[in-house]
Amino acid sequence: MAYRMITSFVFTLIVLGTICDAQLSSTFYDSTCPNALSTIRTSIRTAVSKECRMAASVIRLHFHDCFVQGCDASILLDDSPTIESEKNALPNINSVRGFEIIDKAKSEVEKICPGVVSCADILAVAARDASFAVGGPSWTVKLGRRDSTTASKSLANTDLPLFTDDLTTLISHFNKKNLTPRDMVTLSGAHTIGQAQCFTFRGRIYNNASDIDAGFANTRQRGCPSSRTTSNDQKLAALDLVTPNSFDNNYFKNLIQKKGLLQSDQVLFSGGSTDSIVSEYSNNPTTFKSDFAAAMIKMGDIEPLTGSAGIIRSICSAVN
């Protein structure tokens, strides 16, 4: 009798585990909206072809979504009487962009399959397609996420990494999301196609510190004046000076040469525990791209809403 009870219990656990694992599936829309992925891909390719920088912005948008309440499209919600938008949180305001690109993709999908595909899934697919559009890896996106009806500006302020964070703080942020230091270094490699505003790196290029190449600092100073004005603060610089429009491993080579633009970049190679990972990726672009795809899949699994949780929003910026 006891044996049968134990066996039944183990079987139940296995079944429940299988159900949980099956909640997200790459074939989720195969019957309900078979052209969803191709529609999203066309929309993202069009956007990136108009502005290459948008690839990095879309990937970052997915990252900033998943780190707050999970991958639930909460970052896309505007302020409302019941919602305090994450867009206005310190790590996001006047920084995170690409909202209109996701809105456009959603609009195109709604034309062929109204009320079927979530904004959260569109954002996850868009990040994959943005990577591939600039020479980065592709991966199979698991689907079936639903959209949040809430947002959390307060969690965005506490859970998202900042450009001033040291290595210990960065590792802690990622660990809270069940991402390893290797995942963290890998995902940071998306900065190879990103840009940063002057106010985020001004302190680094003018402080004459030992962890920045002097020639690199001088070059960057020409595009980022020391005086703090709104105009100067918003001046842009590529995070990778060498190949800013290509998804490659030059970001890691730059760190080894003390040419990381953001402080939170350079701490990845500063005599700490992640130095060896940076060195590995600087020597092996294939490993980096493979690990990046795996890390993006892992990040996309952070606390998704599935089944009866959440909703399918008809527009991504509001609960309807």
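Any Cβ shown, glycine's included, is placed from N, Cα and C.
Marked as active site, proton acceptor by TrEMBL: His64. Feature annotation from TrEMBL assigns Ca(2+) 1 binding site to Asp65, Val68, Gly70, Asp72, Ser74, Glu86. What TrEMBL lists as substrate binding site is Pro161. According to TrEMBL, the heme b binding site annotation covers His191. Annotation comment: TrEMBL describes Thr192, Asp240, Thr243, Asp248 as Ca(2+) 2 binding site. Annotated disulfide bond per TrEMBL: Cys33-Cys113, Cys66-Cys71, Cys119-Cys316, Cys198-Cys224, in sequence order. According to TrEMBL, the feature signal peptide maps to 1-22. The feature site 'Transition state stabilizer' is assigned by TrEMBL to Arg60.
What TrEMBL annotates, mapped onto the structure for a quick look.
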residue: Arg60; record: site 'Transition state stabilizer'; CB count, 10 Å: 21
residue: His64; record: active site, proton acceptor; CB count, 10 Å: 22
residue: Asp65; record: Ca(2+) 1 binding site; CB count, 10 Å: 29
residue: Cys66; record: disulfide bond; CB count, 10 Å: 29
residue: Val68; record: Ca(2+) 1 binding site; CB count, 10 Å: 28
residue: Gly70; record: Ca(2+) 1 binding site; CB count, 10 Å: 20
residue: Asp72; record: Ca(2+) 1 binding site; CB count, 10 Å: 28
residue: Thr192; record: Ca(2+) 2 binding site; CB count, 10 Å: 28
residue: Cys198; record: disulfide bond; CB count, 10 Å: 22
residue: Asp248; record: Ca(2+) 2 binding site; CB count, 10 Å: 20
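Listed in sequence order, the residues His64, Cys66, Phe67, Gln69, Cys71, Ala73, Ile75, Ser148, Ala151, Ser152, Ala156 complete the 8 Å Cβ shell around the Ca(2+) 1 site centroid, once Asp65, Val68, Gly70, Asp72, Ser74, Glu86 themselves are left out. Rounded to the nearest whole angstrom, the C-alpha distance between Arg60 (site 'Transition state stabilizer') and Asp240 (Ca(2+) 2 binding site) is 16. The number of other Cβ atoms within 10 Å of the Cβ belonging to Cys119 (disulfide bond), over all protein chains shown, comes to 30. Around Cys33 (disulfide bond), the same-chain residues at least 6 positions away in sequence with a Cβ under 8 Å from its Cβ are Val109, Ile112, Cys113, Val116, Val117. The recorded positions listed here (Cys119, Pro161, Thr243) include Cys119 as those with a Cα within 10 A of the Cα of Ser74 (Ca(2+) 1 binding site). Other residues of the chain with a Cβ within 8 Å of the Cβ centroid of Thr192, Asp240, Thr243, Asp248, the Ca(2+) 2 site, are Ile193, Val242, Pro244, Ser246, Phe247, Asn249, Asn250, Tyr251.
A distance of 20 Å separates the Cα atom of His191 (heme b binding site) from that of Val68 (Ca(2+) 1 binding site). Across the structure, Glu86 (Ca(2+) 1 binding site) and Cys316 (disulfide bond) place their CA atoms 13 angstrom apart.
Using CA atoms as reference points, the recorded positions Cys66, Val68, Gly70, Pro161, Cys316 were checked against Asp240 (Ca(2+) 2 binding site), and the closest is Pro161. In the structure shown, across all protein chains, Cys71 is the one of the disulfide-bonded residues Cys71, Cys113, Cys224, Cys316 with the greatest number of other Cβ atoms within 10 Å.
Distance between Cα atoms for Asp72 (Ca(2+) 1 binding site) and Thr192 (Ca(2+) 2 binding site): 26 Å, as a whole number.
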